[in-house]
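First the structure, in the form of structure tokens, and then the observations on it.
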Amino acid sequence: DGCSSLRLVLLECVGEENWVDSRTVYIGHKEPPPGAEAYIPQRYPDNRIVSSKYTFWNFIPKNLFEQFRRIANFYFLVIFLVQLIIDTPTSPVTSGLPLFFVITVTAIKQGYEDWLRHKADCSINECPVDVVQQGKVVRTQSHKLRVGDIVVVREDETFPCDLILLSSSRPDGTCYVTTTSLDGESSHKTYYAIPDTMAFRTEQEVDSLHATIECEQPQPDLYKFVGRINIYKDKEEPVARPLGAENLLLRGATLKNTQHIYAVAVYTGMETKMALNYQSKSQKRSAVEKSMNAFLIVYLCILISKAVINTVLKYAWQWSPDRDEPWYNHRTENERQRHVVIRAFTDFLAFMVLFNYIIPVSMYVTVEMQKFLGSYFISWDEEMFDEELGEGAQVNTSDLNEELGQVEYVFTDKTGTLTENNMEFIECCVDGNVYIPHAICNGQILSAASSIDMIDASPGGYRRDLFFRALCLCHTVQVKEEETVDGIKRGIHQGRPTSFYISSSPDEVALVEGMKRLGYTYLRLKDNYMEILNKDDEIERFELLHVLNFDSVRRRMSVIVKSSSGDYLLFCKGADSSIFPRVVSGKVEQVKARVEQNAVEGLRTLCVAYRRLSESEYEEACHHLMEAKLALQDREQRLAQAYDIIERNFVLLGATAVEDRLQEKAADTIESLHKAGMKVWVLTGDKMETAAATCYASKLFRRSTQILELTKKRTEEQNLHDVLFELNRTVLRQRSISGLSVDCLDFGLIIDGATLSAVLKPNQEGAGHGNYREIFLEICRNCSAVLCCRMAPLQKAQIVKLIKASKEHPITLAIGDGANDVSMILEAHVGIGIMGKEGRQAARNSDYAIPKFKHLKKMLLVHGHYYYIRIAELVQYFFYKNVCFIFPQFLYQFFCGFSQQPLYDTAYLTLYNISFTSLPILLYSLVEQHVSMETLRREPSLYRDIAKNSLLRWPVFLYWTCLGVFDAVVFFFGAYFLFDNTTFTSNGQMFGNWTFGTLIFTVLVFTVTLKLALDTHHWTWINHFVIWGSLLFYVIFSLLWGGIIWPFLNYQRMYYVFMQMLSSGPAWLSIILLITVSLLPDVIKKVLCRAMCPTATERAQVRCWHQLHLRLEVQIVLFLKLGCSCFSFSDF
Amino acid sequence: MMASSYNAKEEDGHHSGASSGAGAAKNRKPDNTAFKQQRLPAWQPILTAGSVLPAFFVIGLIFIPIGIGLYVTSNNIREFEIDYTGESSNSPCYSCAKNVTWNSTEPCFCTVNFTLERPFESNVFMYYGLSNFYQNHRRYVKSRDDRQLNGDPSSLRNPSKECEPYRTSGDLPIAPCGAIANSLFNDSLVLYYIDSNNSQSEVPLVKKGIAWWTDKHVKFKNPGGNSNLTAAFQGTAKPVNWRKAVYELDPSDPENNGFINEDFIVWMRTAALPTFRKLYRIIQKKPGATPTLPSGNYVLHITYNYPVLSFDGRKRMILSTISWMGGKNPFLGIAYITVGSICFFLGVVLLIIHHKYDNRNTSADIPS
């Protein structure tokens, strides 16, 4: 019989298997009976979860090593070491202290996080677990669990490791599990025990089990598991059963609706799938970061050339000995004896050290902080909070905030992203007869279904009933019979408020609910029997034999059931393209026509077919399936083959139509994205007609859009080459005609998966490799919207990659909600996940997750725009303020004999970037709003102003650098001419070099802070506080620093310098003068640019301002009038 | 003045969530605070030609008078400068300049005659000026020990390493150590007025008040108080170039001797640029209407000790009066006038631009 044939299959398989990457688990640590198999003792890690990175002992070395791997930190370390080793102008403290600060703060942060992880690990590792030992339940700690232990898990407990379900308290050997903490899916999933063990009820029974499990070595895919259990009974051949993902309970998941289960540990500790999934994704880097690095290299070059110039000049200047060593300033003997080359090299290093502040440590810290803190504004955003879902936007990485403002291409999924993925059954069509449920659904009256109940009126009994039964049986829907369900509620309140349908696919729920409204109610799955309440209120029972699960490649699913009359029936439902080729009879034409009509209306269609299996056919199918399921290697592929063999020779029953409504404001969002200059591509697995209808509805295509089709249908008529060239010609002609006209016709392209792969396929005909690719890209470039339908998940990623690699290197964004979008989300520069109904995989793998598609608008147009201008200013300003800071030092070298004498005191050198000028820019980069949020949202075209990294391009960078140099020259030579040979005080006393430096430094601090103040368009009280506060802090610090003889310092060079300076009138006057002069050019540039050629953003600012003013004026006039009337009244 | 307006967005309060019941969901709902929603009330200034031009006019109107005031003040200051280096053979100090070295024990004297065309009213400040002297050289600037100068006894015996190679002399520590102290300016200048009957009368020079008060009283201290400096400096050597020890700088006045000698303190404040001047003496205003330095002929008696020709340096003596804004410095006044005029001019330009562009923009953007 079936069983023995299975065994045979298994034994055949055994020989072929490659046992290297599989493991054998001895349940209950019992060795297999002698002779059956060799006992292979294997060592597995214990069940200790170690998510922490460090231990107490290796924290310092490991953390330091990791921190100094960053190039910036390493650079500062080198500078610091140079300062320690050679005699340099500034004390090691100046670079050591900031570096120490940065390193310490980071280390403390990481240490704290690690300590939290340790604590969490500890509590997890020490939580109690019940283990069956010698027929008794023994309580132990989680980390003591070993592979092979039999574990008891009770309801609402979390699984301590990856387990194979042996038996559950439910009689059918199933248990329900939520994997919310793993993948966020809140639906209950059913797991199955193998039939041989599901009957175990007590510990003793479980303990008596003598079996081994062979399974693959751990791998991170949560949804894949292949294994086999060999059960030894007395003196019999062992019984082998296949194990799959449906038997594997994952660590981190929670047991629900089941009193308790017995299960055996197969993967423990760091080998559990959850632990393997901790691995972080590859790092994405933003365009801003790249330009920042480019600027850094420029500054490094400037730094080195400055040092070289000064070194060369130094030795040229020192040529005469009375300059090198005048009588008043001798070298030490040591120095004199040093070789001139070494001396020159030391001088070079000393200059490097003197000027090293041009690349500031604090920039990295500030950028990191800006990104980290700034990303909170996304998750705090109330407008991106979805009441229904109870969740707001999520930020998974803060590295890409500013990239949101740079997006040029948006790739969006259709189902669940553009549309609600909230399916509603519309109609079904059996043999050309259309059935529309008349009932009221979810409180909404279906407009189309104006109460015609066609079931009784129409003829065609058997086929029709079979169709309804097919839809009632061919699914993986679960029935929840409780009042409250943790998952998403999808109940039908038809006198039975207590039952809900739950499924990972909303289509299925819609279909089953639709059937219910048409009279066939799916009741439950009980003991492997599916129960249906038919329209005569009789219960029909079908034995569920096999489920051929849905996958996105096959695009269909099937069930094999045995009816009460003993017939074997295979029901299959799937996309029309995957059903029609397999259909041998049935009213194909009528159904096809209806399906196409529905698709044009934007409905999702599924076709249903069946096949009656004879006993032998069933056996054969069974055989195929078992063979595939038992395979340890390539199981997926074998299963697909088996499915392919089984799912054929169908009889077509009919088709269904389900509506998936557009998401709220999807059209508005797409329109805004278009206006913002983004190109929107829809990538969907749906069929062309459905997708095109959705595209029209969502205004991706407008009525005026000229549609270019690049589909299989067309390429069958002409060859691909001709079609491509023709389209290209059309596009180019149009462009040359329209030329300057504003309202030029826009193009929309529709391409399907098959054609796409033909386009992307490397050209064999030697007519130029990748030729089509270029033409295709050229066409796409001229299309404002592209629809790619019939796409496989991997093709989605391919498209994104193709655009990414095109010669303009545009910034791409992919948005999707399902597992099939993950590949493109990972591929695109920015990946956005919709917290959809198809699970959380997209959201988990994305960089940002939002509840609804409409939130994309605010995300890009408002947040993205803000983040971009903020960080652009941050980067430019940082370079600017350090040019201002260091260039005077460079100039000073010409007046101090190139002796590397610093202009500023050590404290100023150290604190300039850390405290005097750090907070205002950090705050600016957190709260700046150059235009109001409303304006940004109202005028999406403002987004074009910042496109292509416009604020960080070389001309802008050059402007900032020149401004910095100009300011530095003003500071230095201003102070030089004021100081030159005159007295500054009214008591005739003279100032020294430290006063000179302090004067320049004061002007510097005020100028760079005020420059930022001039750039600030959004003055909240915090801005006022921080900008004026940091200036005040500078003054107070200087007073304090110069006010005391600091006992720990071995020099008192700053003593009373600042106060003496402030007591001098000319110093005040020159500070004011120099600040004014250095701010002047920037103000003039701003005003002139705004007046002569205002950008759209600047126009918007002015407009806003005028509107506010008008409002204000009206208010004032009203107020005055009121006042007048009051006055006149009182007068009267 | 900037164009500004308060935007009217106000925090519309914490209206508690409209729906009730979804307890778990509500906790996750972000707070509706103005800060978290980036809706803090803000002043939103924009720099347009219209809003900036008043600022330009105001700056122009303030700066030009200040500049004129400064320029006039600076022009009213009397300053007289004479170079006594003696590098050319016809100058009176030529022989001294040729002969002076640090080893010479005999002081060299020379006199320089000069004439003041106009009288100097009020206090006159006498400076010596050095050129091409790099007091701001790094090796030089750091070559001092502030602890020692502050009277710290341990630093007196064991000066800082920074003082090398002027740290020790033989076995004895040098006090004050370092290159700065070692190169103390030691010319002495005495001024005589030649009156109408050709008799010379010495102009009284005050040597107090030339150093910063805080330097003299806080930063610089003699070890063990000001009395009995000889004992306090026992066991230290004088700087190599000095003729006399530190406690002999001004034996006549214990408050001006040792480290707190004002000439020494003035020298120790290193100059910012290689051409500098330092306050040497003050000539106090005489009571009554007579000018401090009447116009006429003067003779400057110089004890020429300080060699500068070896590094191509120059020495000057400067007499200057001082106003509230310090010494003669036309640059500040000119700079103020220039910047003020530029601002004024820009104001006019902006006015034109404002009329040409801003109005056009506004009318284009807002249909009235």
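Cβ coordinates are placed from backbone N, Cα and C, and glycine is handled just like the others.
Bear in mind that the values here come from a model prediction, so they are computed numbers and not experimental data.
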- [ ] Select from A:873-898, A:1055-1080 the stretch of residues annotated by TrEMBL as transmembrane segment.
- [x] A:1055-1080
Task: Tally of residues which DSSP labels helix, strand or coil - the domain 'P-type ATPase N-terminal' (A:41-95) - done: 29 helix, 0 strand, 26 coil
Open item on the list: Treating G and I as helix alongside H, and B as strand alongside E, what does DSSP give for the domain 'P-type ATPase A' (A:128-273) in helix, strand and coil?
Closed with: 19 helix, 64 strand, 63 coil
TODO: Using a Cβ-Cβ cut-off of under 8 Å, list the residues of the same chain that are 6+ residues beyond the ends of the transmembrane segment (A:1025-1049) and lie near it.
DONE: 905, 907, 911, 915-917, 919-920, 923, 998, 1002, 1005-1006, 1009, 1012-1013, 1016, 1055-1059
Task: For the transmembrane segment (A:1055-1080), sequence-distant contacts whose Cβ falls under 8 Å of one of its Cβ atoms, 6 or more beyond its ends - done: 966-967, 970-971, 974-975, 978, 984-986, 991-992, 994-995, 998-999, 1002-1003, 1006-1007, 1010-1011, 1014, 1038-1039, 1041-1043, 1045
